[in-house]
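Asker: Heads up, here are the entries from TrEMBL:
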- TYR145: active site, proton donor/acceptor (ACT_SITE)
- LYS174: active site, schiff-base intermediate with substrate (ACT_SITE)
- THR59, VAL215: pyruvate binding site (BINDING)
Amino acid sequence: MRCGERGRLGAVTESFSCPIVATVTPYQRGGHLDLSALSDYLDLIGAAGVETVLVNGTTGEFASLTVRERIQVAEHCRSRWSGVLVVHVGACAVGDAVELARHASDFADALAVMNPFFFAEAAETGIGAYFRAVLPHCLRPTLLYNFPRHTQAPIPPRLAAQLAGEFPQLTGIKDSGKDRSLTYEYQQIGPDFRVYLGDDRIGARIAEIGAAGVVTGAGGPVAELPVAVAAAVAAGDIERAQARQHEFDRYTDARKRLPISDVAFAKAAVSTRLPGFPTLVRPPLTSASPEHAREIHTVMRSILPLLHRDNPAY
């Protein structure tokens, strides 16, 4: 599960190295981007064995960023990340998505494009028109990005198949929905159309399902665990994969128990590993309260000893 050479159209011909980690976007106290903290986070997940990141995605609060800020984040990550960089360029305004696609095509390894997230239950013809307006400007291998919880408009498999036939740079889809029948239909598009699942609980079963890999956002603070799951699956050691998945599920269970967003949880969790890491999120999201932060830190302290279990150097 490796990627090809960085920064050349068509270089990524195999599946991305997984898990793909969707990065958070840290902010200073005044609300501006904290690129220094972002560098620290990239170093943390790189040390955990992550080889592929997705920036400006849902976990990165892309909908709360200006176009200029998204450009800044993407450029900074390229300057600091030597691994594979996937840049999400989807936006409600076609013009914004086109601008972001043109920009990221200059340096990203791959792009991802979500359909507009405000126009609930948009018609298939409208979704298709959006992608056909944006995809010609995506000059790197590109993933569609299906997240019906936020868009209220799943990307129809029939449309995905049509687009794959029209745009050779379209190599797959990030499916963050929970409808596995839809996942199966995406998988039928063709052997070279790869499906990546945005589901933290599915890693140990990825071979069984037949998907190309997992994308995790909130799991980034404990990236060693999904990395270990993927390594065990690749080695055919299903027992070890299930054991590490069970450990990762403990973290996910704790995340689901708290009445805060995954983004707020992830930032508070990162601050356990990187003291002083900013936990601010932008409205309408709310940051973890002091009480929630203490609970998250307790969870993290119980999980940290598990992270390096497969590394004999620890």
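The count begins at 1 with the first shown residue.
Glycine too: its Cβ is placed from the backbone N, Cα and C atoms.
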Asker: Please report the distance from the Cα of THR59 (pyruvate binding site) to the Cα of TYR145 (active site, proton donor/acceptor), rounded to the nearest angstrom.
Answerer: 13
Asker: Cβ distance under 8 Å to TYR145 (active site, proton donor/acceptor), same chain, sequence separation 6 or more: which residues?
Answerer: GLY57, HIS88, GLY90, ALA112, VAL113, MET114, ASN115, ILE173, LYS174, SER176
Asker: Could you tell me which three-state DSSP class THR59 (pyruvate binding site) falls into?
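Answerer: It is coil.
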Asker: Near VAL215 (pyruvate binding site), which residues of its chain come within a Cβ-Cβ distance under 8 Å, counting only those 6 or more away in sequence?
Answerer: CYS18, PRO19, ILE20, VAL21, ALA22, LEU54, LYS174, SER176, TYR196, LEU197, GLY198
Asker: Could you tell me which three-state DSSP class VAL215 (pyruvate binding site) falls into?
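Answerer: The three-state answer is strand.
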